[in-house]
Amino acid sequence: MFKLFLSLLFFSFPPLQYTRVWIPDPDEVWRSAEIIKDYKEGDKSLQLKLEDETLYEYPIDLPGSELPFLRNPDILVGQNDLTALSYLHEPAVLHNLKVRFLESNHIYTYCGIVLVAINPYEQLPIYEQDVIYAYSGQNMGDMDPHIFAVAEEAYKQMARDEKNQSIIVSGESGAGKTVSAKYAMRFFATVGGSASETNIEAKVLASSPIVEAIGNAKTTRNDNSSRFGKYIQIGFDKRYHIIGANMRTYLLEKSRVVFQAEDERNYHIFYQLCASSSLPEFKDLGLTCAEDFFYTSQGGDTSIDGVDDADDFEKTRHAFTLLGVKESHQTTIFRIIAAILHLGNLKIQGERDGEVCSVSSEDEHLSSFCSLLGVEHSQMQHWLCHCKLVTTAETYVKSMSLHQVVNARNALAKHIYAQLFNWIVQHINKALHTTVKQHSFIGVLDIYGFETFEVNSFEQFCINYANEKLQQQFNSHVFKLEQEEYMKEGIPWTLIDFYDNQPCIDLIEAKLGILDLLDEECKVPKGTDQNWAQKLYDRHAASLHFQKPRMSNTSFIVLHFADKVEYQSEGFLEKNRDTVYEEQINILKASKYQMVADLFQEETDAVPASAVQKRTPRINVRSAKPAFKAANKEHRKTVGHQFRNSLQLLMETLNATTPHYVRCIKPNDEKLPFKFDPKRTVQQLRACGVLETIRISAAGFPSRWSYPDFFNRYRVLMNKRDLSKNDKKQICQTLLENLIKDPDKFQFGRTKIFFRAGQVAYLEKLRADKFRAATIMIQKTVRGWLQRARYQRLRRATLALQRYARGHLARRLFQHLRRTRAAIILQKQYRMLRMRRAFLRVRSEDLPPGTLPGGSLHEERTFMFTSHKATILQKYARGWLARARFRRAQAAAVVLQCHWRRLRARRQLQALRIEARSAQHLKKLNIGMENKVVQLQRKVDEQNKENKLLNEQLSMLTSAHSSEVEKLKKELQQYQQTQQGDGKQLLSLQEETERLRMELERAHGEREVLEDSHGKERDLLRKRICDLEEENALLKQEKEELNSRILCQSEGEFARNTVEENMQMKKELEEERSRYQNLVKEYASLEQRYDNLRNEMTIFKQTPGHRRNPSNQSSLESDSNNPSICTSEIGDTEDVIQQVEEIGMEKAAMDMTLFLKLQKRVRELELERKKLQAQLEKKEQESKKSQVIEIKTEVASEHEDFAYNTLKRQELESENKKLKNELNELRKAIADHATQNNSSNDVQDGYNLLLNQLKSANEELEVRKEEVLILRSQIMKAAQQKESGKNMESISPNASWPNSDRHVDQEDAIEAYQGMCETNRKTEDWGYLNEDGELGLAYQGLKQVARLLEAQLQDQRREHEEEMEALRNQMDLMQEELEKQQQAFLQTLQLSPEIQVEFGLQQEITRLTNENLDLKELLEKLEKNEKKLKKQLKIYMKKVQDFEASQTVVPVERRPHERSMQVAVQRKEKDFQGMLEYYKEDEPLLIRNLITDLKPQAVSATVPCLPAYILYMCIRHADYINDDQKVHSLLTSTINGVKKVLKKHQDDFEMTSFWLANTCRLLHCLKQYSGEEGFMTQNTAKQNEHCLKNFDLTEYRQVLGHLSIQIYQQLINIAEGILQPMIVSAVLENESIQGLSSVKPVGYRKYCSKEGDSSYSLDEMIRQLNTFHSIMCDQGLDPEIIQQVFKQLFYMINAITLNNLLLRKDVCSWSTGMQLRFNISQLEEWLRGKNLQQSGAAQTLEPLIQAAQLLQLKKKTSEDAEAICSLCTSLSTQQIVKILNLYTPVNEFEERVTVAFIRNIQKQLQERNDPPQLLLDFKHMFPVLFPFNPSAITMDSIHLPASLNLDFLNKV
């Protein structure tokens, strides 16, 4: 049917040219080819072209040959799920697995519900703990295929559906079944760890080394092959924690104990024991190397490459110990194994042609065998060679032949090992058993796959029988899932014909089947293998699944689902009987070792390794005289019957669970890493059922798309009219109806669209054609535009060349014509001149005519003519030679220019290429492209802010301007009023002006004289200054050279050493802090477990019938570090003792040991914590001491200079005033003179003269001032010493004055105190002195007056100090202003007069502007203060109203008391001192109202961290009254209350942040007011008054520090728990840039896991971050802690996103890289907006940024590889290679990363020392720091709101 479907598919779409197909190949199984000629109806063959360019003619004959399979598009190759392929057939599956395995090194692939695992024969870094955490909680289709994904799916379905699960791992020997099962169990042990301290998950994992040692062996196909099947059930409780496990085993290969084929080994335990035989405890075993024993040396080589048997043996012994196997039992196990080896080395001596045999009594191996097993030597020697025959009449003892003795010995060895194997498995089950009720379980089945060898015996038959049963269950389950999917989606269900192997199973297990006939033949006394084979031929000859070989009468063939297998019947009966002589067993039962005897007792259950049931201990009683047993009685069932029963039980278990399938594939038989043999692979694919899954899927609708994914993928095929609709489902239906005309090719479900095989490939072809047409259109347009631009450029260049050429030719023609005309004129004139001269010469001749010789004139004319011709020839010849030389030189110059320009162009081109390939250039381009939008947005925001600020300034200026105008109007009115009386003054002022003008003219004359002399002196000074500057420069240069040499020699090494020491110290401090915080975290977890144990003990005590212990103390009361811990421990021990009496000795003993271990661990941690704390405090004290010493020296120097500074300040103030006056006068004079006189020289000279005079006067004044200040300071020092001497003589009183401070004079205080004491002593005599009591009243009045005066004096002294401080600040400001003015004067001296005036005006404007700004700031401060006072006034008004209201509601009963109180003497109310008083009985109420029941919203409108301040004020009062019990009780209750609140609100971020802020603030308060100088540097005088006086709370600061660390870690865990579900969806999957990413076809796992998923956008995650930030800021958490919180959260975002990227193939594409980079830029922008750039959070995102850039970079050439290596510095080599392997093109136009390119990357990165792990540890937590952050709030300024219900607190 499947082939018919393919033929219909093939001819429904006739193959056209360029269609790619698969054709069979004898070597590669399938080979790819391309059709080079369109197929036409009636053609007998297809014209193909293979990949090596060879032509091939493929015959098409439907009745005889198969049609070629169509090949999938390249975009679908390498899919995670094989069901995502459009064409589902064998070559497509094989090719997809090959591409993933060889090119991407992916060993896991989904095939629907099956995970296909290919053995890489190499250790891969994909099984670490961080990979387990990465897959935990993830949907199966969201991550890359992995065994952990299957385990997580099983765990999730168990918790969600509350149904048991099974993972079925199968495959050939060497395919990796055992390793896969081991990793699955490791996942369950990690994710479902036990809640108690029983370490059941460690025991589950510890069972693997034991089972591998006794059940695994080396075969030709696998070095660690499991020679038995096992089914491990891992039990879980209601909270889905592991509580226990159980193991069932199937069909141990016992024959391997006595026989091994070539290049194989026995079970590992034999070689491990031989390798460790030299240990002292194994000396008595008598073992040597494995080559010396027959049972371990038959296979040849006894070692395995890369395996250390001795080391593995230590692991096995450790596993035995961990599982609770006693040392005595372990010793007995090893004795039994050694005895088996000695049994194999027995020397059997044959007599009488082997009919009689014997064993020598002196055989050392026999002696060792008997002594190791504790049996009688003589009996074993006898019964090894004899057997007993029992008849009804008598019993005979018969000697056995040599062959029978050897078989009996081997049977005994096999039986001993099998019994030992079952005992170990039972003991493992007993160790893994639990009394807790099991809620559910997950089973892991590690069973052999289908096997076929050259010689197949009984073991292979049972194995293949088991695989037939498993295949039937697998087929029915796949069929059931397909049916459920169709029913759920409402798709019409049509019956799919799938292969049912029930007939083959019936052949084996039905009545009179193969197994029944085998058991029947075993019952026959003389049954043989040949008779059994003949019965098979007779009975099943007509069966379709049974055949008889042609050339054999002892073999038979069974047609299994995978292949037909020929079995040799020889040995079937013996292996099925598995008989051992009873006499030998009886000898072993009588062993003196109890364990050996117990091994061979009769068992009630024949199924091996059945579930361990809870039973009471029993004593084995053996009779002295054994009972008579019939020899022919069938004592136990056959092996085949046992195996059939156990297999039936297994199938019932699997059918009652939800199965998950893992099919392990062996890629080659040579065990070579990453070598793929197509023949072996396809053979296993056919055998393991993967292709059957493909066939069932292909028969229905294998391709399935959700409507949104289909819409996003194929929206390019839709028109605009359809896209305008809102219903995506309707749009998809319309599109498919238009594109695919056959309605049977697709079906519309409720949430998905179902496609027949090949339809997705057809849609992909249409999509690719659409993209190709669009690409061609774009290319055509772009190429046309480029050609037009090139043509226009060439046309312009041609026209320009033609214009210049024509101009040049025209100029040459004009020049030629001009020269020709000139030459003609010259020739004409020359000829005329020559003729004229000749004429004149002739005429001047004196001779008469005829006297000259007749021929002379003719000769002269001839000579002249020839000379003229010769000259013309020479001219042309020389011209031609000159032109030839010019042309050669010109050509050479052009050639040189061409070469030189070409060289320069090549160099420039190379430089541009290097620059274009460089990482910096790419970074610049990327930064420019990505940040452009961000920069523009930021620019808009800045402009808006500036606009808003300018508007505010404009409004302020308008208001100021209006007020200024009003002020000027008022002044104008006043001026007009006063102007009338100023007329007379005007006349006098005019006279004064005239007089001043005259004086000014006189001064001008004097100035001119001075200017002349000044000019001369200035010239001399300039020369002198130049000389001095030159000398100074030379000296400076020499000095700098010497200093540089000295510094280079001395400071170089010192600086390097100092830097290295500092870096090392910082690193050690960070490591120490990290270890310390980990210890604190571990201590908290132990503390939590301790609380859980106490709760469980309390529950036990409260059960009916038990006596309750009154010492049920809360665990919260013993959390702090105080002496009460010891008492709580004693109480807990008593509880444990009582529990021993009540519950039972066995269980309580276990709990007692566990509890004592916990106590011991807690004490060790406490001691280690104290040591670390002491070291940390020691380091802090050393740093503080150094700081204190520096502060003391500074204070001393400041005290010494204080007198000098005060005097100097006064002098500087007066000097500053004088300078200001002089400066103003000078500016006025210069300005007036500049307006009157235009001469610049006069201004310059006058200005210089005045400045020189001022400078000289200032210098002289400075000298006089220094002398005066020195004298005054000496006088003040002498006076201070005299006063201090007097004070030392006086007595220092210890009394504390209630209304005075340290500012009060001590002598006055002493006199007042003595007078008061005398007055108190004489109060008894007041009646005698004054009967009226007037004297007492007067004295009271004087006391009040004295107190008032003291208060006033104190206020005055404080005001004086504040004034002094303000004057000091003013003095500093004046000094700075003076220095600035002096610098300004020096600068103005070097400028021209006009610039000096302008500079002076600018300086004045600047000064006025600064003063104006200062006044504005002062005004703003006053306005803020006014608003604050108004708020306080409102609060006080509200308090007054509340107080008045409460006074009106006072009960009547209290009024008499109030009247009596009114009679008392009225005392003036004191000021609030920042202390709160409470009674001891109110402490629980205080803790409840302030901590336990407090909501953060209740104090949101008050001072941040108000509870911490209130608690400190209560602590301060307890310190004030010196009550240590009260301090201790309050702090302990506070710490326990906070812990209780945090335990109650474990998932409340706001509450946790609130108490972290308050705990840190309380810790800061205890430091700030501790009285230690290192913490008081920023305190005010008022705050120093609030320091603690009596107690040192350093230990409680340490406890609060620990509590802060725990709260911080809880805060991080809560935030991570909230953010973690958002990260992958928001950062990696969210499509922030719409339309950038595209969707690829997904498989079964993906569309099954998508249901019910919730997605988050990046905006939602940023809003959550905003919520975290606003909560922490509103609650007053320190900024440094907030920065550390977000650094930790951003690290988690980076780690989870990068880990997900490294484990997902579907997101490794260019579009994802662009999307990811944009999302990261949004997060970076958020950090900048919250001023968190300095937190280091942005740096934690660097690996993710580089991963995004790696996805975007070009990946083709070696230059690209160099760019990647230089750019990705934060990514490890494994991460880079993994991303390149995962990189998947989303469209066909993208190129895949070649294997050669990845190898090039690996080669360039091989020198890196990267960590071995692939993934980042997202649970890593940075060590937290709590820097000291003192508060500026004073305690007396804090208001207690009425909403807190703290009326019982009294202000002191």
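Backbone N, Cα and C atoms are what each Cβ position is placed from, and that goes for glycine too.
The signal peptide feature in TrEMBL is assigned to 1-19.
Annotation source TrEMBL lists domain 'Myosin N-terminal SH3-like' at 16-68.
As annotated by TrEMBL, domain 'Myosin motor' applies to 77-768.
What TrEMBL lists as ATP binding site is G171, E172, S173, G174, A175, G176, K177, T178.
Sequence-distant neighbours of the region 'Actin-binding' (647-669) (same chain, 6+ residues past either end, Cβ-Cβ under 8 Å): 97, 101, 111, 113-121, 147, 150, 153-154, 157, 161, 163-172, 174-177, 180, 184, 221, 231, 248, 250, 443, 445, 449, 465-466, 469-470, 473-474, 477, 607, 675-677, 680-681, 684-685, 688-690. The region 'Actin-binding' annotation in TrEMBL covers 647-669.
Residues or ranges marked as region 'Disordered' by TrEMBL: 1100-1128 (among others).
In the predicted model, residues of the coiled coil (1155-1274) average a pLDDT of 56. Feature annotation from TrEMBL assigns coiled coil to 1155-1274 (among others).
Residues or ranges marked as region 'Disordered' by TrEMBL: 1281-1301 (among others).
Marked as coiled coil by TrEMBL: 1339-1446 (among others).
Taken from TrEMBL, the feature domain 'Dilute' covers 1532-1807.
As a summary of secondary structure, the domain 'Myosin N-terminal SH3-like' (16-68) carries 0 helix, 24 strand, 29 coil according to DSSP. Applying DSSP to the region 'Actin-binding' (647-669) sorts its residues as follows: 9 helix, 8 strand, 6 coil.
Comparing the binding-site residues G171, G174, G176 on other C-beta atoms within 10 angstroms of each C-beta gives the minimum for G174. Listed in chain order, the extra residues whose Cβ falls within 8 Å of the Cβ center of the ATP site residues G171, E172, S173, G174, A175, G176, K177, T178 are N119, R221, N222, S225, S226, G449, C664, K666. In sequence order, A117, N119, N222, G449, C664, I665, K666, Q684 constitute the residues six or more apart from A175 (ATP binding site) in its chain with CB-CB distances below 8 Å. When the binding-site residues S173, T178 are compared by the number of other C-beta atoms lying within 10 angstroms of their own C-beta, S173 comes out lowest. Cβ environment of K177 (ATP binding site): V169, S170, G171, S226, D446, I447, Y448, G449, C664 lie under 8 Å away, each six or more residues apart in the same chain. The Cβ of E172 (ATP binding site) lies under 8 Å from the Cβ of R221, G449, F450, E451, C664, K666, Q684, each of these being in the same chain and 6 or more residues away along the sequence.
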